[in-house]
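Feature annotations, reproduced from TrEMBL:
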TRANSMEM  34-56  transmembrane segment
DOMAIN    49-300  domain 'G-protein coupled receptors family 1 profile'
TRANSMEM  68-90  transmembrane segment
TRANSMEM  110-128  transmembrane segment
TRANSMEM  149-171  transmembrane segment
TRANSMEM  204-233  transmembrane segment
TRANSMEM  245-268  transmembrane segment
TRANSMEM  280-300  transmembrane segment
Amino acid sequence: MEHPPTMVATNQTSLHPASFLLLGMAGLEDLQTWLSIPFCLMYIATLLGNFVLLFVIVTERSLHEPMYLFLAMLAVTDLILSSSTVPKALSIFWSLSNKMSFHACLTQMFFTHFSFIAESTVLLAMAFDRYVAICNPLRYATVFTHSAIAKIGVAAITRSFCVMFPTIFLLQRLLYCGHSIMPHTYCEHMGIARLACSDISVNVWYGFATTLLCPGLDVVLIGVSYSLILRAVFRLSSKDAQVKAVGTCSSHACVILMFYTPAFFSFFTLRFGHNVPHHVHILLANLYVLLPPMLNPIVYSVTNKLIREKVSQILFRTGQLR
């Protein structure tokens, strides 16, 4: 029996709501205005720090080296990660707009997770960069050519796209039965899926598998590279050489800890921490998209002498112009 065209159209359009209502920090509604102050300041610091870092690396030819090009990639992913989520969170806190269309929500979800996976890939490449620089320095120039770095950048984009693109269709196929209220500040994969009234087991397993095979695998490989680096460092006869080698890796190790710790803590508490209050989940989810992007340029500017000097020169010139 054939359905009338109007019935088919109705069934297709009722698969998902026209828009979602984002509640922000559910349970902390009275504090949202106050929470917006640190959020806004951290976001401004993120934009300023990463744009300055990008400007310095792009304009200074002496910084067109593999390590600094990876830093530029990191700055770009940090800007995408924070800008995909924080502006909407601030609009919710300031009662400007808490609605988001279904397709806009999917777009935000895609770019949030896309930039997170891309940043994880860049951090893995940076760990390999440090491994080659310390454990096999004679091959460094031949391994990390500009062509190789460009390929790594393309690989990070391709990998992130291939992982996240299927989630759009996995969410579009679900029935939502009119559920449109999301207790969150931004749209993320499982947050959207849990609003559905149909079976989401495919979404759950896909999300779990991609977490283990992307950032999870990256963490393991980064750990392996650093264990090999430490073994090589402790074999050095000179104490000065040991201190210098550890110094070159310290900033990267700090960035790795800042990036993965809140992200994995958020991931595991969301799935297994059923006694953890919901507003804590939301705070953790916002922490890993805001804190690392803000701190990364600060860490590298403080610990890297060359970047610190170049940034100081730019600030000095700006002061003179005034």
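Including glycine, each Cβ sits where the backbone N, Cα and C put it.
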Using a cut-off of under 8 Å between C-beta atoms, tell me which stretch among 34-56, 68-90, 149-171, 280-300 contacts the transmembrane segment (110-128) the most.
149-171
Cβ under 8 Å, sequence separation of at least 6 from the ends of the transmembrane segment (34-56): give me the contacting residues as numbers and ranges.
25, 28, 63, 71-72, 75-76, 78-79, 82-83, 86-87, 89-90, 93-94, 286, 290-291, 293-294, 296-298, 300-301, 307, 310-311, 314
Sequence-remote contacts (6 or more beyond its ends) of the transmembrane segment (280-300), Cβ cut-off under 8 Å?
24-26, 39, 42-43, 45-46, 49-50, 52-53, 71, 74-75, 78-79, 81-82, 84-86, 89, 112, 116, 119, 183-186, 188, 251, 254-255, 258-259, 262-263, 265-266, 269-270, 273, 307
Under an 8 Å Cβ to Cβ limit, what residues of the same chain, 6 or more beyond the ends of the transmembrane segment (149-171), are close to it?
66, 69-70, 73, 106, 109-110, 113-115, 117-118, 121-122, 125, 189, 192-193, 202-203, 206-207, 210, 214
List, by number or range, the same-chain residues at least 6 past the transmembrane segment (68-90) whose CB is under 8 A from its CB atoms?
22, 24, 36, 39-40, 43, 46-47, 50-51, 53-54, 57-58, 96, 100, 108, 111-112, 114-116, 118-119, 122-123, 125-126, 129, 146, 149, 153, 156, 185-186, 255, 286, 289-290, 292-294, 296-297, 300, 307
